[in-house]
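A.B. asks: This is the feature table in TrEMBL:
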| type | residues | note |
| --- | --- | --- |
| COMPBIAS | 230-249 | compositional bias 'Polar residues' |
| REGION | 208-257 | region 'Disordered' |
| SIGNAL | 1-23 | signal peptide |
| TRANSMEM | 34-56 | transmembrane segment |
| TRANSMEM | 68-85 | transmembrane segment |
| TRANSMEM | 91-110 | transmembrane segment |
| TRANSMEM | 130-152 | transmembrane segment |
| TRANSMEM | 164-186 | transmembrane segment |
| TRANSMEM | 264-284 | transmembrane segment |
| TRANSMEM | 304-327 | transmembrane segment |
| TRANSMEM | 339-358 | transmembrane segment |
| TRANSMEM | 364-389 | transmembrane segment |
| TRANSMEM | 410-428 | transmembrane segment |
| TRANSMEM | 434-453 | transmembrane segment |
Amino acid sequence: MSMVIVLLASALLQVSFFIVVSSSDQYAQHLGGTATFSGLVIGIPTVFSGLALVPLMKLDQGGYKRPLHFACASAFLGNVLYSLAYRANFLYLILLGRIVSGFGFTFWMYSKRYCSDPRIVGVRRRTMLAGWLVLGQGGGMTIGPFFGGLFYKVGFSNGVFNGYTAPTWVLAGVWAVFWAFSALCFEDVPAVSRTAQDIELQPVQLQQDSLKDDDKKAVMTQEDAAPTEAGSSAIQNDSQTIEQRSSSPDLGEPQQIRMSGPQWGVTATMCWFAMTCFFVLGAWEANIPVFTGSDSTLNPFHFSPTAAGNLIALGGISSLPFLVANVFVARRVQDRHTLAVGTSIGLAGLLIAIAIMSSRTVTYGSLFVCWFLIALGFNLSSTVTLSLLSKQLPGRWNSRISMAIQYSNYTGRVTGAVWGGAGVKIGMLSFVGMQVALVAVGAVMFMTLWRNLKAKTG
């Protein structure tokens, strides 16, 4: 049940992140903001999530219950504040609400860490569980914009509950119910009873016992002197052997292990792809409502927030069957192959986008194909960034690598959302070209370290 709660919490956080995407542009403009400000509203939560992550890790005691309660409380309060901005007619209250919600997004890191925690998850289940996390990510990317657009279309002539605020009011209620359910059913992981240092003391004790045996044998009678000397010599040799083993890299690993050059390269590559995947996804999610509702000469649509939300949701829901299949296929496919396939699919979507924008042949069908390939490809690629690292580095480093990947995700989310909000202003070809450049850098790193990216399946 605890695993289910963790996966549901991650999915609900995805819904919380995406539910404002379809209407944040109109909401911000209603309160006096701009399209770029709406991109900031979408991306700003991850900045404060990153700032809160390090202090929270000092208080979590190696467990997950405290971060889970913190996430539920932050998500509930943040959605309430976002909703109250309309009644208060205060633009920066929606920003404050998103900032508070961002504190709850710290649990994304904990959900990744939980699904790769060696205390509860074996090596061959990690990619599969990462697939479930990404499936929740795809579900949030579908459900959030759809219901955000639906509530905007239905609308309510009410100063408190209306098309702008209804999505976050409903979500606040969902978080309240989920918080109560989690408090009753979640069981934290067992605490570690022994440390690596306790294990390291064992060889020293063996050496001391051997030396005590030498002292006892030194007082034996004269007629047994020759055998005793031989036995003492053998014991001393054993003591030296034990002493050498006690200083060997294997027994001293918790303090002496250092990452090799290829391991640093693999870590940098996974962090780069973690950033790139969320940069591209965040940029398109923020840009679709802005672009399709703009006066750009490339835009033949002039969509409402509802129609833009439906387009985002359609791309997400179309990719879900493939993400579901990936959950079961992941046990038999190497992570590096999944990364290669996902990145290739996403890159194909970007190149098609450049082609249709250059030739000014943007249609609903062609834009949908681009978004579908991008959503599928980069969601698929994001499955393996943490699972691959967790298989190559020591289990006790799980918190460190989870945090490194999460900060990379945060960087991609916030910069991508701002980039997407400003996409029309800077030019759509430049908007997509930047994303292609990021993928190209990752491809060079990927091909250079192809042999080092091999890891166990599962």
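Don't overthink the numbers, they just go from 1 along the chain as shown.
Cβ coordinates come from backbone N, Cα and C, glycine included.
Note that the coordinates shown come from a computational prediction; the quantities given were computed from them, not determined experimentally.
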A.B. asks: Before we move on, state whether the transmembrane segment (339-358) and the transmembrane segment (434-453) share at least 3 Cβ pairs under 8 Å, counting only pairs 6 or more apart in sequence.
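C.D. replies: In this chain the transmembrane segment (339-358) contacts the transmembrane segment (434-453) - 3 or more Cβ pairs sit under 8 Å.
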A.B. asks: Taking residues 6+ outside the transmembrane segment (364-389), which of them lie with a CB under 8 Å of any CB in it?
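C.D. replies: Residues 112, 116, 126-127, 129-131, 133-134, 137-138, 141, 266-267, 270-271, 273-274, 276-278, 280-281, 284, 288, 301, 311-312, 314-316, 318-319, 322-323, 326, 330, 335-336, 338-339, 341-350, 352-353, 356, 401-402, 404-405, 408-409, 453, 455 contact the transmembrane segment (364-389) from elsewhere in the chain.
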A.B. asks: Answer with yes or no whether the transmembrane segment (68-85) touches the transmembrane segment (164-186) by the criterion of at least three Cβ pairs under 8 A, sequence separation 6 or more.
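C.D. replies: Between the transmembrane segment (164-186) and the transmembrane segment (68-85), contact is present.
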A.B. asks: To the transmembrane segment (264-284), which of 34-56, 68-85, 91-110, 130-152, 434-453 is linked by the most Cβ pairs under 8 Å?
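C.D. replies: Stretch with the highest Cβ contact count: 434-453.
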A.B. asks: Counting Cβ pairs under 8 Å to the transmembrane segment (130-152), which of 34-56, 68-85, 91-110, 304-327, 410-428 comes out on top?
C.D. replies: 304-327
A.B. asks: Who are the chain neighbours of the transmembrane segment (34-56) in space, where the CB to CB distance is under 8 Å and they lie at least 6 residues beyond its ends?
C.D. replies: 17, 20-21, 24-25, 27-28, 66-67, 70, 78, 91, 94-95, 98-99, 101-106, 108-109, 282, 285-286, 290, 294, 403, 406-407, 409-411, 413-422, 424-425
